[in-house]
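For reference, the structure is listed below as structure tokens.
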Amino acid sequence: MTDTARTVLLLNGPNLNLLGTRDPAQYGTTTLAEVERRVVALGGELGVEVVCAQTNSEGGMVDRIHAARHFAGVVMNPGAYAHYSIALRDAVDAVEAPVVEVHISNVYAREEFRHTSVTAPVAAGYVAGCGVLGYELGLRAVLARDAERRS
Ligand code: DQA
């Protein structure tokens, strides 16, 4: 049986299934499968089960965040939805589980429309511009937030 309190959701949004081949100058050449493998392995070291999901749809992201509401937390790369999805923001805001937002690229060094995140103000943390290492930082951050709220 899954211990939800020791489970973290790694959630990737639209176009992140193409990691490895999509715009390597921005996102590098590591595939999503490899990212997931690394985060699952780090979770093992830190004593949590990491479940991985990727969806290209906004509603799919909302549904997965709802389903993870009793988890230790969520590490989420919302992709472009970060910049305009109020539905995703409301989902992040609605759940007790801390959600740490991750962007692989330095969105502030890119087009101006990427400088806004509607989800970041309700996130428990924000990591950007660290490449795929950001996912591992995000996992450490979300577990720290979870420990804080339980203490
Ligand atoms: C991204 C940044 C977003 O602006 C973009 O739409 C993505 C990826 C990142 O990880 O750097 O899809 O979230």
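Here the Cβ of each residue, glycine as well, is placed from N, Cα and C on the backbone.
Bear in mind that the values here come from a model prediction, so they are computed numbers and not experimental data.
Per TrEMBL, active site, proton acceptor is recorded for Tyr27. Residues annotated as active site, proton donor in TrEMBL: His103. The annotation substrate binding site is assigned in TrEMBL to Asn77, His83, Asp90, Ile104, Ser105, Arg114. Among the features that TrEMBL reports, site 'Transition state stabilizer' is placed at Arg22.
Positions of the features from TrEMBL, shown on the structure.
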residue : record                             : Cβ within 10 Å
Arg22   : site 'Transition state stabilizer' : 14
Tyr27   : active site, proton acceptor       : 19
Asn77   : substrate binding site             : 27
His83   : substrate binding site             : 16
Asp90   : substrate binding site             : 14
His103  : active site, proton donor          : 23
Ile104  : substrate binding site             : 23
Ser105  : substrate binding site             : 18
Arg114  : substrate binding site             : 17
Minimum Cα separation from Arg114 (substrate binding site), reported as the residue among recorded positions Arg22, Tyr27, His103 that achieves it
His103
Want to know which recorded positions, from Arg22, His83, Asp90, are within 10 Å of the residue listed as 'active site, proton donor' at Cα; which are they?
none
For Ile104 (substrate binding site), what is the secondary structure state per DSSP, taken as helix, strand or coil?
coil
Measure from the CA atom of Arg22 (site 'Transition state stabilizer') to the CA atom of Ser105 (substrate binding site) and give the result in Å, rounded to a whole number.
12
For Asn77 (substrate binding site) and Tyr27 (active site, proton acceptor), the CA-to-CA distance in whole Å is 12
To the nearest whole angstrom, state the Cα distance for the pair Arg22 (site 'Transition state stabilizer') and Ile104 (substrate binding site).
12
